[in-house]
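Working notes, structure below.
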Amino acid sequence: MQETFKNLASIGGKWEDHNTENPYKNQEKNLRSHMVEKLCESKKVSQYGESLSSNLSLTKKTAGVKPYECSVCGKVFLRRSSLTRHVRSHIGYELLEKPYKCMECGKAFSYLKSFQRHERTHAGEKPYQCKQCGKTFIYHQPFQTHERTHIGEKPYECKQCGKVLSCPSSLRIHERIHTGEKPYECKKCGKAFSCPSSIRIHERTHTGEKPYECKECGKAFISHTSVLTHMITHSGNRPYKCKECGKAFIFPSFLRVHERIHTGEKPYKCKQCGKAFRCSTSIQIHERTHTGEKPYKCKECGKSFSARPAFRVHLRVHTGEKPYKCKECGKAFSRTSYFRIHERTHTGEKPYECKKCGKTFNYPLDLQIHERNHTGEKPYECKECAKAFISLENFRRHMITHTGDGPYKCTECGKAFIFPSALRTHERTHTGEKPYECKQCGKAFSCSSYVQIHERTHTGEKPYECKECGKAFIYPTSFQGHMRVHTGEKPYKCKECGKSFSLHSSFQRHERIHSGEKPVECKQCGKAFSLSTSLQKHMRMHTGCKPYKC
C-alpha cells in the first residue's frame, strides 16, 4: 500500500518543469513525501489500495499506446498526469493535504501551479493581454475564450438546441439544462447545482460570507453579479444596448435574453407541460410550479417563494429598504422594474411599439394587451356570464358587477378597490399628496396616468376614436362609456331595484339613493351630499359665485 502512494508521489514529481528555477521546489518535494506518509497512515485509504495500485500499473503497461483508464470509475484520460490527479478524487479531499497556503487570504492548494496562479489575484498580475482590445487576464483559458469574442468563433455546439458556445466547459454546463443533471450537491442542505460556481455562491448563504463589497456604500454581496447589479444604483451605467428598442443592460447575457422578446425565440422547453421560455432561469423557476418547491423562506413571516428575486423583493417589506432612487424627484423604489417604469414619467420614453399600427407604450404588458385589439384575443373569461376581456384589469373590474366589492380597502373611508395601485392612488385623496406635475401648466396629480391624460388637453390628442360615429375621446373611460350608447350595454345592475347603468360612476351615484351615503362634505358648514356636483352647487351659496349669465 505504501509503495502505491510512493509511486503516486513519484508521478507527481514529474509534473513540474525542471528547467525552470523554482523557489518552491524543495518545499514541494518535502511536503509531497509528508503527504504520502499521512495517506499511508489513514485507514480510509485502504479500501482504495487495490484500485489505485491497478491504476498505477495500468499507466505503466499502456503508456504511449492507449488512453489512461481509471479502474475505479472507468473514466479515460489522455495524459498520465491527468489520471494521477483524478485518482485523488477517489481518495477524498479530506485526506489530502493542501501544502501551498496563501499568506494573503489563507486559501490552500494541492498543486504549486494552482497556488502560483492564485497569487496573481492578489498581486494584480495579468500576464495574458488581448491584442484587439487590450483587456488582460490572470489565466490562459479565459484569455483564449475572450479572443473568440473578437473573431466570433464559437466552435462548441449543443446538439439539443443548436446553441453555440466559445469553450467546452460552457457547453458541458449548458447541456445540463437539457439533461437535468446537477452533479454539485450542497453538504448543508442537499440542494444540487449544474455548475461549480453556482454551488460556491449558494454555500455562502450558509456561511454568511459576502466577499464582494461595494466601494461606494460598503454593502457586501455573495456574488460578483450581485455587486455589479447593485453598482448601477450608483453609476446608472448599462453598457449593452438593444438595437431594436434601445433598452440597456449591465451584462451581455441579459441583453441576449432580452433580444429574444423581439425575435420570439424561446429555446428552453418544460418537459412536463411543453411551455417554452426565453432563459434557463425562467424554466427552472417554472418547473417548481409542477414540483411545488419553494426553497426561499422568509425568517420574519414564514412566507416561501419559488424564485430568489421575488424573495429578495419581499424581504424589503420587512426592512423598508428602497435602494432605487429617482434623481429627478427623489422618489425611492424597492424594485428596479418599478424604478425604470417611474423614470419614464419624467423622460416620456415609450420603448414598446406595436408593429401593426405603430402606437408606442411605456410597458411591455400594455403592448401585449393592445396587440389583442388587433388579434381579437380575449383570454380572461367571466365564469358568471361568459363575457371575455383582453386584460386582467378589465376582467377584475367587470367581476365587481357580480361580487359588488374589491379586496383592497381604504382604512380612512372603507372604500374598496380591485388593485392595490388603485388603493394607493385613492389614499392620496386623504393625504393630499400629488407627486405628478404637468410640465406645461404646473398642475399636479395624484396618479401618473392622470397627468398623461391631462397633457392631452394641451396637445389636443384624442387617441380613442369610435368606429361607429367617428367621435374621439381623451379618456379611455369616456370612450368605453360612449361605446355602450351604440351597443346598448348596461353592465352595472343595482341589486336593490334592478335598474341598470352603462357607466360605473352612474351606478355608484345611484347606489347612494338606497344606502343614504353622503360622502362629500362642505368644509364651511358641515352639510353632506351624495354627489360632488351637489356640493359644487352648494358651495356657491358660500362664495356668491353665479356662473350662469343671461
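Glycine too: its Cβ is placed from the backbone N, Cα and C atoms.
Predicted automatically and left uncurated, TrEMBL annotations should be read as such.
Pulled from TrEMBL, these are the features on record:
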type   : residues : note
DOMAIN : 68-95    : domain 'C2H2-type'
DOMAIN : 100-127  : domain 'C2H2-type'
DOMAIN : 156-183  : domain 'C2H2-type'
DOMAIN : 268-295  : domain 'C2H2-type'
DOMAIN : 296-323  : domain 'C2H2-type'
DOMAIN : 324-351  : domain 'C2H2-type'
DOMAIN : 352-379  : domain 'C2H2-type'
DOMAIN : 408-435  : domain 'C2H2-type'
DOMAIN : 436-463  : domain 'C2H2-type'
DOMAIN : 464-491  : domain 'C2H2-type'
DOMAIN : 492-519  : domain 'C2H2-type'
DOMAIN : 520-547  : domain 'C2H2-type'
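Sequence-distant contacts of the domain 'C2H2-type' (436-463) (same chain, six or more residues past either end, CB-CB distance under 8 Å): 342, 345, 425, 428-429, 472-475. Sorting the domain 'C2H2-type' (464-491) by DSSP state (H, G, I as helix; E, B as strand; all else coil) yields 12 helix, 4 strand, 12 coil. Within the same chain, residues 245, 261, 341, 344, 388-391 sit at least 6 positions outside the domain 'C2H2-type' (352-379) and bring their C-beta atoms closer than 8 Å to a C-beta of that stretch. Taking Cβ pairs closer than 8 Å, the domain 'C2H2-type' (324-351) reaches residues 233, 245-247, 313, 316-317, 360-363, 435-436, 448, 451-452 in its own chain, all 6 or more past its ends. For the domain 'C2H2-type' (324-351), the DSSP-based tally of helix, strand and coil residues reads 12 helix, 4 strand, 12 coil. In terms of DSSP helix, strand and coil, the domain 'C2H2-type' (520-547) has 12 helix, 4 strand, 12 coil.
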